[in-house]
Amino acid sequence: MNTNKEKLVIEVVGAHNLMPKDGEGLSSPFVREPEHKHKHNYNHNYTATTTNKALHCVLGTTFTFVNKCDNTVWPGILANAGSPRLDSTGFELPKDSSRTFQAPTGWSGRFWGRTGCNFDGSESGSCSTADCGSGQAECNGAGATPPATLAEITLGSGGQDFYDVSLVDGYNLPMIVETSGGSGMCATTGCVTDLNLQCPAELRVGDGEACKSACEAFGSPEYCCKDAFNSPAACKPSVYSEMFKSACPRSYSYAYDDPTSTFTCSGADYTVTFCPSMPR
């Protein structure tokens, strides 16, 4: 294995036509600390290649963010509790550019893309969508304000990585996560469909720059999977989450969407792409 690839790479690239691998169901595109918490269970049994595991323990992981949108995107990075901060917590990513970061084994956190940002150095700037409220490009430990398309990853849990793209906090732009050089499932996931174009009026933000989740829009327990609805048996897909799922079948559409929305890989590099496209 190329040791230069032994650092997890996440490219964040914008997309217009994300196609599934081998005919699988990945369809077109498309913080404040996010309100939702997926009901993940990362205690799965998995045997990874010994060499891959050893190399990743030593070399860590590289995340590469790539922007293929028509405009500048400002990625945000939030490490989960107990994980170290990466070299940046937020930065400007011009059209057709990329940037990479390294993370240690065991790191977990989330990524998102902010749009329509205006930062003048006075710490009073803001973004039109997915703003983290810091007033500057660096988010400094703050998460995305919904609606925000969100990529989540946990590295090296039980010998493998877990990753997903979530619409539980709504949608603001297309995003995919791809892997390379790994073993196991290692599927591409994300949302290429422009959900802003088909967002119902009751979920629409402003002139259509983002689309809220039903939980964010209405706040009721049955949409947010809380209180009496805080279980897979009680919290079922809504007409709104089913709309998201139909457009983006591999993305999280609501809190208990795990069976079709969480993916695993071992010894891989990761690419997160904003406004992505990929070959059939």
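Every residue, even glycine, has its Cβ placed from backbone N, Cα and C.
Whatever TrEMBL says is automated annotation, not expert-curated.
Looking at CYS69, CYS117, the record from TrEMBL puts CYS275 in a disulfide bond with CYS69.
In the disulfide annotation of TrEMBL, CYS132 is paired with CYS139 out of the candidates CYS117, CYS139. The recorded disulfide partner of CYS211, taken from TrEMBL and restricted to CYS199, CYS224, is CYS199.
Looking up CYS186 in TrEMBL gives a disulphide bond to a cysteine among CYS57, CYS265, identified as CYS265.
Here CYS224 is paired by TrEMBL through a disulfide bond, and of CYS215, CYS235 its partner is CYS215.
Candidates considered were CYS127, CYS235, CYS248; TrEMBL assigns the disulfide partner of CYS191 as CYS248.
Looking only at Cα atoms, CYS127 (disulfide bond) sits nearest to CYS199 among the disulfide-bonded residues CYS186, CYS199, CYS248, CYS265.
For CYS235 (disulfide bond), the same-chain residues lying six or more positions away in sequence with a CB closer than 8 A to its CB are GLU222, CYS225, PHE229, TYR254, ALA255, TYR256. Mapped onto three states, the DSSP output places CYS225 (disulfide bond) in coil.
Here the candidates are the disulfide-bonded residues CYS69, CYS139, CYS191, CYS275. The one whose C-alpha lies nearest to that of CYS211 (disulfide bond) is CYS191. Separation of the C-alpha atoms of CYS132 (disulfide bond) and CYS199 (disulfide bond): 23 Å, rounded to the nearest whole number.
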